[in-house]
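Peer 1: Have a look at this one before I ask anything.
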């Protein structure tokens, strides 16, 4: 079977379904694919295909996720659905599936539940830009006023976590009825996707963001200067542009990129995704090291103290066998390097067990270029014991 060509004419976005267990996330995922398939835009997916999610390994963490794709008039979507609550937590913290937006599924019969709140908080912490709400199972609720009440509750909850609760589209429907082919409820799925098209912003492409490249290796070329190699994480760099070298020391230094090489060929510029060598003017071999980043001046700064959301690997995932406490000192692995840091647990949290997710304060022994949303692993003795994302920078 010949591979279909990926259609680039439509913009692409990654989305997912989030919400409390059994509120209908997977049924909704199946309904979206099925209803859009009727409109000739997608391949129908059965509930079973989505629910039997294969295990994936992301940084050694076992996550069950289902990926399906579908298209609307406006966009091509990659949609991720996770069967279990733990899978969501891991997925969002590790960034295994980056989401440009999400559909929050709330059962109209039950209203918001603990995981509803937790998924909204996680979405806020890991930087999901926008949420759209699907009030599911409305066929099971006869009372109009009850529906309005649930909608108000959901909006309040979103506002509590800094999402625009008053403006978020809330679509009421029944994923199951839509799957069964009920035309009125199929229309609700189309309404939902229209809301997703309109309300979830067009993702900014990595190449449009400010330039940043984590340094993987450094060497000097006699007569030409120092070359830093790595993969451009975001943005573009043109020959002759000024950059900053950030991290591992208090002071950042500025220099000019006098050459960009890829596969031994000289380029005028490089962009996100390219593996390059950047020739740096007037920089000695000792001024640059692995673990630093090259970045557009003023766009990212070095820090040692931050708050983070962390998932701690379970014993089965190759993590620790025992809990850890405040003052735990593991290595924090950012992009290309390990830095020792001290963990401070929140008040009321005595210890953290393998398999938990926790908010913690971290202080690193040397500054690293970080910002809200920067991801890292926690390692000890070379093995990964946790995965986290920076939520607040303290200093």
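Keep in mind that glycine also has a Cβ here, set from the backbone N, Cα and C atoms.
What Swiss-Prot records for this protein is below:
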DOMAIN    10-204  domain 'tr-type G'
BINDING   19-26, 81-85, 136-139  GTP binding site
REGION    19-26  region 'G1'
REGION    60-64  region 'G2'
REGION    136-139  region 'G4'
Peer 1: Neighbour count, 10 Å Cβ-Cβ cut-off, for residue 22 (GTP binding site): what number do you get?
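Peer 2: For residue 22 (GTP binding site), the count of other Cβ atoms within 10 Å is 13.
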Peer 1: Could you give me three numbers for the region 'G1' (19-26), the DSSP helix, strand and coil residue counts?
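Peer 2: In the region 'G1' (19-26), the DSSP-based counts are 2 helix, 1 strand, 5 coil.
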Peer 1: Mind tallying the region 'G4' (136-139) by DSSP state, helix then strand then coil?
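Peer 2: Grouping H, G, I as helix and E, B as strand yields 2 helix, 1 strand, 1 coil.
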